[in-house]
Amino acid sequence: MENFILYEEIGRGSKSVVYKGRRKGTINFVAILCTDKCKRPEITNWVRLTHEIKHKNIVTFHEWYETSNHLWLVVELCTGGSLKTVIAQDENLPEDVVREFGIDLISGLHHLHKLGILFCDISPRKILLEGPGTLKFSNFCLAKVEGENLEEFFALVAAEEGGGDSGENVLKKSMKSRVKGSPVYTAPEVVRGAEFSISSDLWSVGCLLYEMFSGKPPFFSESISELTEKILCEDPLPPIPKDSSCPKASSDFTNLLDGLLQRDPQKRLTWTRLLQHSFWKKAFAGADQESSVEDLSLSRNTMECSGPQDSKELLQNSQSRQAKGHKSGQRLGHYFRLENPTEFRPKSTLEGQLNESMFLLSSRPTPRTSTAVEVSPGEDRTHCSPQKTSPLTKITSGRLSQQDLESQMRELIYTDSDLVVTPIIDNPKIMKQPPVKFDPKILHLPAYSVDKLLFLKDQDWNDFLQQVCSQIDSTEKSMGASRAKLNLLCYLCMVAGHQEVATRLLHSPLFKLLIQHLRIAPNWDIRAKVARVIGLLASHTTELQENTPVVEAIVLLTELIRENFRNSKLKQCLLPTLGELIYLVATQEEKKKNPRECWAFPLAAYTVLMRCLREGEERVVNHMAAKIIENVCTTFSAQAQGFITGEIGPILWYLFRHSTADSLRITAVSALCRITRHSPTAFQNVIEKVGLNSVINSLASAICKVQQYMLTLFTAMLSCGVHLQRLIQEKDFVSTIIRLLESPSTYIRAKAFLVLLYILIYNREMLLLSCQARLVMYIERDSRKITPGKEQQSGNEYLSKCLDLLIRHIVQELPRILGDILNSLANVSGRKHPSTVQVKQLKMCLPLMPIVLHLVTSQVFRPQVVTEEFLFSYGTILSHIKSVDSGETNIDGAIGLTASEEFIKITLSAFEAIIQYPILLKDYRSTVVDYILPPLVSLVQSQNVEWRLFSLRLLSETTSLLVNQEFGDGKEKASVDSDSNLLALIRDVLLPQYEHILVEPDPVPAYALKLLVAMTEHNPTFTRLVEESKLIPLIFEVTLEHQESILGNTMQSVIALLNNLVACKDSNMKLLYEQGLVSHICNLLTETATLCLDVDNKNNNEMAAALLFSLLDILHSMLTYTSGIVRLALQTQKSGSGEDIQAAEDLLLLNRPLTDLISLLIPLLPNEDPEIFDVSSKCLSILVQLYGGENPDSLSPENVEIFAHLLTSKEDPKEQKLLLRILRRMITSNEKHLESLKNAGSLLRALERLAPGSGSFADSVVAPLALEILQAVGR
């Protein structure tokens, strides 16, 4: 099963997501729709209708899958978005463009109708654009076969999925709402209840053409009933472009629309008239004219026939069926009919249940999108995001200007979590209040519950209010009367907690009476309880009428607090009520958006609250005052502006720093945060008074909620430039922010990313510090946590938005960093003594190179930053490094030798990281060959051993990658060009240096030889270059020097290279033999085989086996070559040519030492690896054919036992035959071997079992061979 890589999300619906994707192992991009399984009927319908359709104006279906949680639909990727998006962006399209788009629509729909398919729900969001502007029909969820009942089909699929047909009627009823499309484009007859038809689809096309030209559909209304009435009764207005400067509609276009938008389907244009219409300017002149309904039916019948038949017979069959009165919808072929839904199943039903992990999430970050994907009516809006058009635009696609970036950032400064409002009154975090209780026995009025009060009739409500007011207004002549009044007030506290009751009581005469008693009641207990009732009413009321005397209450409460300011208990009673009233006025004013003069209250209220904040007050009073400011400043109102003073920031900061209760500390900093939302100078005043270091220390040591508010404060201040230069230069501040990325709180991490983004926008150098502090690691961690396709909680969604902006900025910043580095190097290029300005520039820019390394080693950034532009810049930097290394340019004096070496090392390391991911270089092969490899080749000549080795390693590995990569369609020519450039580079520059490179200490020869291996394996012509460069003797010298470490990298490369050279048909074998190829192979094979046969030495066994196979491959090529020469000599012997015979004899003489390997090859035959047996047996066969039984140890007792074991254990007749032929050749060419066989009892028994008449099945070739050998030994 092949997996898919998912890239960015390009569309989303309530139950579906569309991703841009790629099949793993290919470069073919597709659109992948992931949908909930509840959408199975729609998706199944899409698949069964389109699975075999191939048309340029219809989105191609590829395949579909079912995993444990989702259905996955893989279709053609359209890169131009939807027609709806185009219309929305351009508002209206010129008539020429409408014609071009219309031709695509007509072509696609005509093809569908010829197949008997009705699209049914044609709308702009279901029409997608391919790159060059071709329109394609997509989303066939609601399409159907003509004459079919789609509700029944949906119910059938759903019932099948449910495991039976129980409740089928219920299913059909539930499907009615699912088969309805967009009413805006629905034909009048369908609105009346008729079935969809060819004619209704043509009406929808007319609506589309109208909307493309005018920018709006012919009929539109927010009200469904009004829209229906317009479609059924009104004629569309003439199409007029939104842009008045555009030309009016032509008479042809108007006539076409009139024909398509006829309410009577009988008068509507048919296919024949539509295709011949003059508006198309004969675009369909060569089209198939079988476009009437009858012709469409004939076309379907033709398609339904399963075998090759004469066209006349098909026509006769069609006519005979028509004569019998069959309707087109009754002649559905197997192509579309789905009476048994199991006929179409996603792949999981055939291949076992699949895991969601078959669709792998790319490391690439996922952009958030507001578009949706349609898989059912009213749910989705299809959208496909553009693909990259060229490598150079990979980064710039979706590039944000700094203005747009900061605009999006400002929207993220404050979240709902930062602006949560909690009650001021009865807030347990401020002060725990005793529970409110009342005694219904002494209430003297009905103790209605809240539910009862809500349903009182007006008269009963008025009576109830009158009773309440009467009791409150009664005089307190005795203690009993006071208790009764307090009891009533407690009852009011209970019912005031309900919003609707509180709203009615606040706007009743009771509220004025409560204010009066708050002023005149002689008993402070009653005053306190009255204040509490007022506060609860203000806290729970939902609206405020302008004639309600809230300002009077605020003034009164202010006076009472001011007159009794030293009475802390009284303040604790009155402050919450004052705060709730002020907050009520502020919220209502914010709703109404205009300040109300009737709600203006005196400055004394602000003064009193500010005094309550000051040092020396009880913490409860401080807390209440801070809470009031926190709530009021959440609103944008005149009341909030009253708290903005020069001292408010430091006062709240003092409360935060000197309070021990976390709840008060949180309230104080939250209030400061909300004031800063109105005026950033409030936090600026704090920093100026207490110092930035003190604020940073507080941020580092605070609890999570405080850290969230403080990060918001810093973000708000940075967004408006306050203390900007100081903050972006403060390394301790940046380090503290990065440490907060370890917080468990999603909001804190998101805000930390946002603060860092502000810093990086204005100080690029801080990106280096951030990377060194593991910023990239934190980004990768949080990118993995945010998985596309899942419903995200608000915290994760917020984190995703902040993270996306930071990633996009860093990706956009990298080219600028590289540009600065290039400029600084270009300015000093060729100079021995840079100027002071140039030195300063080098010191500022070159140390930023580690940023590149951090980004290319990140799975999030690497796919986005490695572009053609990046590789070109990187190659240019390498060219400057070559100049520095050669001494042509001197930067050591400017930045120091250590810094210079570090810069070169990091630059080379960055490319080393990139080549670990070959797919990144696939599209940029020519850029790498033309701009990166040349300076690397030059660095191979460096006097610095480290750079020489590093560059050779990079060169070797890069070349191996490039020559082994495959290219898709259209890339062959570029591949050939880059291959020729690569070959020329190595031939002209690198190979001449090999004479010195191969004699250097390890591991230099290993990398040099690895490059030769890759080139000779990929390009046979390179073999001649190796020979012409006189490298063969050097290669054998390397072999002699490294023979002791046969499993080392150098020897592995040597053997691989020799294998390529010997296997090449154009290779000069004479040269290889002259340099001692035979003796080297004998020695290497002997040593390697000994390692493989040593049962006690299991270390490096796999490596030795791989090496042995390569050596046997070389031996086989040598013997095959020799055998060919000998065969050629024997063929020419009759002609009397002595040269060929002499050459064959000389070659046989050269190869004679190889016969010593026979006694080594035989023990290798029982090897567990079948490939070892295969090549060993072939080598042994050719050796005995060429030299017979020359090796005296060929049939030693040990080897005889091996042959006996093999003939017994091997069941393949071909293998048995080969072994028997080897034995026969040995005994017929050497008497000694014949005598050895006579005494080999086990081998003779094995031969007897293979001979005819042994009682077992005998192969027609194997048995005679076994019999022949037995007869030779006299058995």
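Every residue gets a Cβ built from N, Cα and C, even glycine.
The active site, proton acceptor annotation in Swiss-Prot covers ASP121 and rests on sequence analysis. The local packing around ASP121 (active site, proton acceptor), expressed as other Cβ atoms within 10 Å of its Cβ over all shown chains, amounts to 24.
Marked as compositional bias 'Basic and acidic residues' by Swiss-Prot: 336-346.
The compositional bias 'Polar residues' annotation in Swiss-Prot covers 363-373 (among others).
Here Swiss-Prot flags 384-393 (among others) as compositional bias 'Polar residues'.
Positions annotated as domain 'Protein kinase' by Swiss-Prot: 4-280.
Per Swiss-Prot, region 'Disordered' is recorded for 299-346 (among others).
What Swiss-Prot lists as region 'Disordered' is 359-393 (among others).
Annotated repeat 'HEAT 1' per Swiss-Prot: 727-765, in sequence order. For the repeat 'HEAT 1' (727-765), same-chain residues at least 6 beyond its ends with a Cβ under 8 Å from one of its own Cβ atoms are 402, 405-406, 409, 412-413, 415, 417, 692-693, 696, 699-700, 704, 707-708, 711-712, 714-715, 717-719, 773-775, 778-779, 782, 795-796, 798-799, 801-803, 805-806, 809-810, 813, 816-817, 844, 848.
The feature repeat 'HEAT 3' is assigned by Swiss-Prot to 926-964. Remark: secondary structure over the repeat 'HEAT 3' (926-964) totals 34 helix, 0 strand, 5 coil, with classes taken from DSSP.
The repeat 'HEAT 4' annotation in Swiss-Prot covers 1025-1063. Helix, strand and coil counts under DSSP for the repeat 'HEAT 4' (1025-1063) come to 32 helix, 0 strand, 7 coil.
Within its own chain, the repeat 'HEAT 5' (1151-1189) is flanked in space by residues 1078-1079, 1081-1082, 1085-1086, 1089, 1092-1093, 1105, 1108-1109, 1112-1113, 1115-1116, 1118-1120, 1122-1123, 1126, 1195-1196, 1198-1199, 1202-1203, 1205-1206, 1215, 1218-1219, 1221-1222, 1225-1230, 1232-1233, which lie at least six positions past its ends and keep a Cβ under 8 Å from the stretch. The annotation repeat 'HEAT 5' is assigned in Swiss-Prot to 1151-1189.
Beyond its flanks by at least six residues, the repeat 'HEAT 6' (1213-1253) meets 1165, 1173, 1177-1178, 1180-1181, 1184-1185, 1188-1190, 1192, 1194-1197, 1200-1201, 1203-1204, 1206-1207, 1259, 1261-1270, 1272-1275 of its own chain at Cβ-Cβ distances under 8 Å. The annotation repeat 'HEAT 6' is assigned in Swiss-Prot to 1213-1253.
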Helix-strand-coil residue split for the repeat 'HEAT 1' (727-765), DSSP-based: 32 helix, 0 strand, 7 coil
Same-chain residues near the repeat 'HEAT 3' (926-964), Cβ under 8 Å, at least 6 residues beyond its ends: 391, 868, 871-872, 874-876, 878-879, 881-882, 885-886, 904-905, 908, 911-912, 915, 918, 974, 977-979, 981-982, 985-986, 989-990, 993, 997, 1003-1004, 1007-1008, 1010-1011, 1013-1015, 1017-1019
Local confidence of the repeat 'HEAT 5' (1151-1189) - pLDDT mean: 88
